[in-house]
Structures are given as structure tokens and as C-alpha cells.
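The domain 'Amino acid permease/ SLC12A' annotation in TrEMBL covers 1-474. Here TrEMBL flags 12-35, 56-77, 110-131, 136-155, 203-223, 244-267, 287-312, 333-350, 356-380, 392-412, 418-435 as transmembrane segment. Residues or ranges marked as domain 'SLC12A transporter C-terminal' by TrEMBL: 485-573.
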Amino acid sequence: GFVVGHAGLYQALAMFAVAYFIIGMTVLSVCAIATNGALDAGGAYYMISRALGPEFGGSIGIMFFLANVCGSALYVLGLVEAVVDSFGIPPGQEAGTGVRVLPQSYWYELLYGTVLLALCLLVCLVGASIYAKATFLIFLIVAAVLGTVLVSFFATRPLKVPIHLPHLNGTETDNGFFTGFSLSTLRDNLGGGYGVDYTTGQMMSFSSVFAVMFNGCTGIMAGSNMSGDLKRPSYSIPRGTISAVLFTYLVYNLLAVLMCATCNRILLQKDYGFLRDISIFPPLVTVGIYAATLSAAMSNLIGASRILYALARDDLFGRALALAKKTSASGNPVMAVIISWLVVQVVLFSGKLNTIASVVTTFFLLVYATVNLACLALEWASAPNFRPTFRYFTWHTCLLGIAGCCVMMFLISPVSASASLGFLLLLLLALHYLSPSSTWGYISQALIFHQVRKYLLMLDVRKDHVKFWRPQMLLMVQNPRGSARLIDFVNDLKKSGLYVLGHVELQDLDMLPSDPLQPQQDSWLSLVDKLNVKAFVSLTLAPSVRHGVRQLLFTSGLGGMRPNTLVLGFYDDEAPQDGLARHPAFTNAREEVPLGFPPLRAPTTPKLLSAREYVGIVADALKMLRNVLLARQLESLDKAWELRRAASPPPTIHVWPVNLLRPDSARYADTCSLFLLQMACVLNMARAWRRASLRLFLCVEAGTMPHAQEEKLRQLLKDLRIQAQIQLVPWDAITRLHWQTCRGPPGGPVEEEEEEEGVVNFPTNTTQVSDEYVCAANKLVLEQSPAPAVRFLYLPRPPADTSLYPLYLHQLELLTRGLGPTVLVHGVSAVTSTQL
């Protein structure tokens, strides 16, 4: 009557259609989730938390608890309003007459509400079985009353209904009319005629009337809230919920049409209890109103308690909800019921029914929107295990439900909607940072997988362009205990590219009962988390380290995301140091180093690979057209101290883009030199290294026009947008040592290294460089001051003759001896671009 009186028949039917459209879409989502596996206590909270994870589940659980609490208070206040309407002393009279004996005031009505709420509490404390019996009895009463009301519209003769309304000067009397079926009455009631709500004194509008009306539709979750108490929730919830929605929609529309055709607007607007006046048996209508509101209040109270119990049992809020876990011997969550009762009692202080209607409606709409979101996420994730037996839904229905809920939230009350969303966001953030991790499974992981797979398929290697090249690193790690700072350093070098930590376990799967790598995976992933590096982990079994590295170079990555650069620690005789125990990630956290890694190799223990095999790995990578980085003494790099020291000048990165082992081929613009420049520049671009400055060393000989060379190099740096200081280094004395040991004169023919695309031609002059020359080159590099944080040196190709591998490695060791943190670089791919 309230809805039709203010909004008229057309708008009332539109309101029902909109409300039930939103509810219908949500019911489809509820049925889909309810039939996709076993349900437990908590209803909508349980569905959302298991689908969207603890953050969404916990925050929506609190919102749904508050919605049910406020809803219970709303129905209790409605019941009080009906009781006072029937038995209250009329305004202006001091003493009651007949049955009108109840005093009317704010405090008296609060007392009546408290008594009625206590009755609901008693039923809920006894348990779900007595509640189910009570609600079934109430259902029968309401059905009987509804039958008599429908008959009354046809059986009652036209009559005048006197209406007594409170006024400033006492009471105001008006007359409403029940005209029986009349075309003129129907015509008068077709359009809207919003007036003042006589219980609150507020002017009504479409949104305020819709807010009150929508509370009559929020019972769709009553069945799912009892999911923990139902024998077969997956069977009962879809059938019961859909039946209830269809039944109430038909009844509401039928009542709206009958009222518009028989009652004038004054009666509908100014007497919310008019059905009693026109009924063939008035007391039965009163009983029906009491029964319906009492049932709704109990339903919301027991629903709120079950949600609170489920939240407490999931331990999302820690000790804050520990009390709500306590249950009776029969399993009834009595403490959750009592806590819910106390909160409803607090809400009762708000007083009038229509005051809290918009807040309750907003909360329910937000919960419904999230149920639709949960179903949408499950559908979009396309997980094989999401196969509900209820199939009458699509992602379109979920999306329409979300849109409808959000639009109606802001139409009803923009302030309440904004406040609710803000509160939800705060709860989300709090739970994200404070709640323990769950074992429910996260829908976010399924959605991320779905999207990543889609975009990986779109990432076409045939469309790669040098402008968008980025390093994709495969770092081989034997034992993380000795490589913590190297792992950290390569993380700075990757420049948002792929980063894979590779490890080879030397075992034969044929001789083992199961895969030994699976138990190690967790230790490696924990290491990645603790070191805060953005890396994947790839472990493999192989008969030798070289075979294992080949496997990883061939198989690591996916689609267009594959490693293009291999990083190895340096092969020398230094005893490994446990850098993991001294790493800030563990010293600051005061936690033990993960025990999943074995202790470091003792200095007397033989190595897992030979020098020949180590150089063979480098040669294999170059054959596969992978760039190679060899990192020496990176464990001695204290990045935090180097980059935060206040001393001037700031730390430097030294770059030597000339092949020091090939003085006869001192080129600065070949592919390898440009790759070396690029890697130094990438490191300098990392946030932690921005204070450092690049220093580029140009080796010059007398009579070679050094300034022209410097200008040419400066122009190259300008074209490549690399900011670096250029320092000229005379090296006549060192090259003289080289020519003295060569077979030909200084101006004689020299073998040139040829590089053609896709072809690898190894230099053959390794034997021509003496140890004396290499030591002199090492001294030249070492003398350049101030000492840098890290050095980048040119890595020559390994010789074609495998018997020369040990000599090649020996010369690399001499070249980098005592230099501190050094990275030897060999690039085979074009990585720099001067184009836009």
C-alpha cells in the first residue's frame, strides 16, 4: 500500500520489475555457486570467500552481517509500528480505551522492540530445528491471511475509513475510501503522487520508496544463509529460492493491481494498516502482519549469527571474533546468536523504520553485486572444476546483476552507497595485509592464468623489434647460499624482462623412486619471496651440469618469453662464502636462513664440473645465439653501502667495450661492444643504481688520432641516448708486449674475427696472447681510479679448439684477478636502436 499510494501503479510495477530483475540475476548466480560443490555454514559469505578469496569474502561477510543485523532491526521496528497501530493509545489521549492500552513514545517503542527481539533471540538460541518449525508455522499463517485478503477485495462493500494522524495541534482526521472495483479509482492511482510519509515527516521520492520496497525482496538469501543447517543445500537452495522469488513477485503484483483498483490515494498514503480495515476478518490480518515481520526479523537474526560464526571459524579477524566460535552441544552457535542480538539491539535505537531502510538496502545490494561478481569470476576463469549442475546462467546474467545492483545503490542513496564502498575498501585493505593466507584457492590466480595465457599467445616472436628489446635472464645457481648477492644484482639487470633462476641437480631419475626436485621447489620459491626478486624458478635433472644448462636454455620460458641471456658465476678456486646468512633480507627479518639448501661445498671438495665443461657451457650458449654474462666476485658487492654512501663523487660503473684479449681488433662499435654498453646502461637505469655514473674507457695508441676516436664514440653515445664520461687510456706499452710475442711485425697481416648473422667463427689467436700481456691488461684496468662499484669487461669468444678451453679460462682469470665485482659480457644480438 505504501508503494502504490506514493508511486502509483505504473511506477510500482516498474519498481517490482527492476527489483526482481536484480534479484533474479543474483538468484541465478547463487544457484550456480550453490550447486558447484559442498556448501557449509555462512551462505553468501561462504560462497564469496571460497570463490574470491579471504579478502573479498571477509569484507563482504562483515557487510552482509551488518545488512542482516540492520534488516532484523528494521523488521522489529516494523512489527512495533504495527503493534502500536493496533494497540497504541491514540495521540492526544491520556488513557486508552478498549484494546488501545499501549503508551506511544520513543522510549516505549524501544521497549516494545526489545521485548519482541528477545522473543526472536529465544527461538534462535534453541536452534535451527525449532526455527524451521516456527517459520513453517508462520508460512501457513501468512498464506491463510493472504487468502482472506484476496477474498476481501471482492467480498467487502465500499466503505469510508476514518484516519487519525498526529499533528502539531493534536490530531488531524481525514477520510480514506475503499471504493470496491472502480475504473475511476484505478485511473486516479495509475500515475505517481508522492507525498509526506506520516511516520517520519519526510517527503517521499522514487528512490526513497524503492529503498523501503526493496527490503521486502531481500529475503532471497534466507535459505542460503541456512546452508550449514540444510541436509542437501545444493538441492534445496536453488529450488526453494527460485520458488520464493516467483511466488512473491506474483503476489506483490497482484496486490498492487487490486489495491489500485479499490482504494483511493488518501487511504493508501495515510493508513499503512488499511488492509485490516477492509478485511472480512480484521484480526487475522493483524496476526498475519505480526507473523510475517516476526519471521523476517528471526530470519535475519539467525542469518546474521550464521555469517558471524562462519567468519569466526575461518579465523580471518583473529581474536576479535574468537568468542563467536563457541557452540552448544547440538552445534548451535549460541555466542554468535547473542552477539548478533546485541548489535541488533543497538541498531534499534535509531527509532523509525524508514530511517535505516536505505542503509540496509545499500548493504544488501552490495552483497548481491559481489555474489554476481564471484559467479562472473568463476565463469570467466574457465576453471575445469567449475561445473555447477544449475546451468541457467551465463556471464551476461552476472554482469547485468552487478550493473543493476550498482546503479540502484547510487539511485537510492549516493551517500550510503559511497560510504558502503569506502567501508568495503578499508576492510579489503585491512584483510589483505593482516589476514593469514588461506587454503581455499584464490580466483585471482585462475583469472591471472587465463589472461596470461591469452596474452602469451598474442606475444609473437616474429614481431620482435630491436627498439623494444629487453634482457631476459637465465641465471644458473648451484647453491643460493653462495649466490645471494648475484641473484640480487641480476634482478637489477633484467629491466622488467624475464628472470629465471636455473638449477641443475646431478641425478638419474631411473635410479630414484620419485622426482627429487618437487620437495626443493618450495625452498626456491621462498628464497625468491625473501630476496624480493621478480624471478621464476626452473629446476632440472641431468647427468652433467652442461647437459642441464642446455636443457634449460632450450626449454625455459614460454612463447615469446624465453631467456636470451645466460648468466654464470665465475669458475675459479676461491672458497664459496655463505652470503645468504649476511643478506639484509635475512639479517633484518631476524629469521633463519631457509634450511632447504645444503651447506656450501668445502674448499677441499672437488667441483661438480670441470674447467673444460664450464667453457663448453659458454660455447653452447653462443651457438644457441644467447648472450653470455660471467660474474666474478659479485658476492663482495655491498650494494647498499656502495650506493648510499654520502661521499663524493658518487659510485661509478666502469665500462671497457674493447676486447682486451684481442688488441689487434680494438673495435668499439661491433655487436658485442654495443651489447656491453647496453647492459651497463640498463644497470644504471635501475632505481637502486641511478646515483651511479657510467665511465667509458677508450684505449688509444700513439699516432691513431685519439681525439677523433673520442669524438666518434661521443657521437655514438649521443645517438644511443647513453650518458657516460669518456676517459682516454693510452695502452701502447701493453700492445707492445703483445706484438713482441706475436709471430709477425706490428704492421703485418692479422686474423680478423668475422661475424655473420647466424654463423659463429671462433677466433684462433688465443694462444698468441701471453700471460705477461694479460697481467699488464689487468693492471691497466685496476689502475683506473676511483675504484668502481662494478666493472663491465668484454668477454671474447671461446676458441674453436676445445683443447684450448683451459688456457682460455686461465687468461680470463688473470684478466679479472683482484678487480672486485666484475661482469664479463659477450653479446650476439643487436640490442641498440637510434630510431624513434
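Each residue, glycine too, has its Cβ placed from N, Cα and C.
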Chain residues in Cβ proximity to the transmembrane segment (136-155) (below 8 Å; excluding those fewer than six residues from its ends, i.e. six or more beyond): 181, 251, 254-255, 258, 262, 275, 278-281, 284-285, 287-288, 291-292, 294-295
Maximum Cβ pairs under 8 Å to the transmembrane segment (418-435) - stretch from the list 203-223, 244-267, 287-312, 333-350, 356-380: 356-380
Distant-in-sequence neighbours of the transmembrane segment (356-380), which means Cβ under 8 A and at least six residues beyond its ends: 22-23, 25-26, 28-30, 32-33, 36, 44, 47-48, 51-52, 56, 60, 63-64, 66-67, 70-71, 73-74, 77, 208, 211-212, 214-215, 218, 221, 347, 350, 386, 393-395, 398-399, 401-402, 405-406, 408-409, 412-413, 416-417, 420-421, 424, 443, 446-447, 450
Average model confidence [pLDDT] within the domain 'Amino acid permease/ SLC12A' (1-474): 82
Helix, strand and coil totals (DSSP H, G, I; E, B; other) for the domain 'SLC12A transporter C-terminal' (485-573): 38 helix, 20 strand, 31 coil
